[in-house]
Each structure stands twice: as C-alpha cells, then as structure tokens.
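J.: Before I ask anything, here is the structure I am working with.
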Amino acid sequence: MNPIICALDTQDLNEAISWANGLRDKVGMVKLGLEFFAAHGPSGVREVAKCNVPIFLDLKLYDIPNTVARTVEAIKALDVEMLTLHISGGTKMLKEALSIVQGKKIKLIGVTVLTSMGNEDLSELGVAREAKSQVILLAKLAKKIGLHGVVCSALEAQEVRQECGKDFKIITPGIRMNRGHDDQKRTATPKEAINSGADYIVIGRPITESSNPASSAELILKSLTD
C-alpha cells in the first residue's frame, strides 16, 4: 500500500486534473478539500475521479445530524474512497452518517483536533484537556461508533493505534519535509508519522510546488524505507 495522500489544494480544475494524472501511479490517493469543492462541486470531483486515482474528499462535515446525513447521501454517489467529518459533531450525527454508507465503498473518517490548533487554542474554546488527550478521547468515540478511522497528527498516532487497534485507519496531516514554521502547529516528517503508526500521510506543497511532482512523490516514498 502506498501511504501518500497528495493534497491537491487548488481552485484550478485543470491543474488538479494534471496533478492527478501525473501522480496516479506515485501516490495512494489524492485529497480534494473545501477550496476545490467550493469552486467545482461534485462535477469537479467526478472529473478528477476520471484520472483513475482514489480520492480522499476532505470536507470536514459538521452540522446537525439530518443535514450531514443528507449531504453524505449526495456524496456517496461520487467515486470517492474516503470522506471526512468532525467527530465533535456528536454521536447522533456520526451514526446517521454511517447509516447512509452501509454496504458502500466510501469510508467515513473522523476529524479529531485540527493540526493548526494547540493547547492554547483548545483552552480558548473551553476545552480543558490538552490536544493529545482530546484527540485520544475523540478517536475512541469514533472507534466505538464505527467510523473507519480518524485524522490526527503524528504526535498522537501511536496512542490512537494502541487504543483503537490495527484495523483502524489513521490519516496524518501536518507533514513537513523539515521543521519550518507555517500554519500548522503539530507537525512531523513523513518517516516520523509512519513510524508513529499512521497508515496514510497527507502531503501537499512539498509535492505539488516542486518542479517535478511525480519525482518528489517517489523520493518521499523511498525515504520511508531508507
């Protein structure tokens, strides 16, 4: 299994298709997020799906149960591998979403705590736990309810794996080739994330902003076994 999910963070449909075509044999999946979905909607997802690369649709759904269930109903018709929704939307929201995808290819992945957030950010929201404790709590809830996996940083991946078992998928964003500063707070290198127990690592700019995205993806994959 190729653990790389390449984030196609663009509003340009042609650019997304070009990346997807060039990377389909180099990565495990491509990620389409809110930026792309706001610009192109379901039809844009269908166009990228024609490139024959699995799609991780990262919409982070978070609304009342009925609204999320109806949204999942619409999305399940798309050819996507995984769809994200916030675990903090609650048990009822998650269970109703799961009921929609029973027997379908699409897997529901729960978002724990955004990697852009740290302990101070959670405290401002009235969350008394530190980020790691909050992630573990939410991951255990997701597992109990029946979600297929979670999104969490590499800093929590090892404990999530211990608590939730080997078949529970762990997707890790906040992947950086070095420890530079940007909009992410809880980060790790690709190898650190995999060694911590992640099944998939989400990598965007180090691949898409390189002069040769396919070659960059190959080098990252090779670095995981060096």
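Quick reminder: no glycine exception, Cβ is built from N, Cα and C everywhere.
Straight from Swiss-Prot, here's the annotation block:
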BINDING   D9, K31, 58-67, T115, R176, Q184, 204-205  substrate binding site
ACT_SITE  K60  active site, proton donor
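Would you situate these features in the structure and describe their surroundings?
T.: For K60 (active site, proton donor), the Cβ neighbour count at a 10 Å cut-off comes to 16, with all displayed protein chains included. A strand conformation is recorded for K60 (active site, proton donor) in the three-state DSSP classification.
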J.: In which DSSP state, out of helix, strand and coil, do we find G204 (substrate binding site)?
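T.: DSSP assigns G204 (substrate binding site) to coil.
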J.: Fill in the CA-CA distance, D9 (substrate binding site) to K60 (active site, proton donor), as an integer in Å.
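T.: Rounded to a whole number, the Cα-Cα distance is 15 Å.
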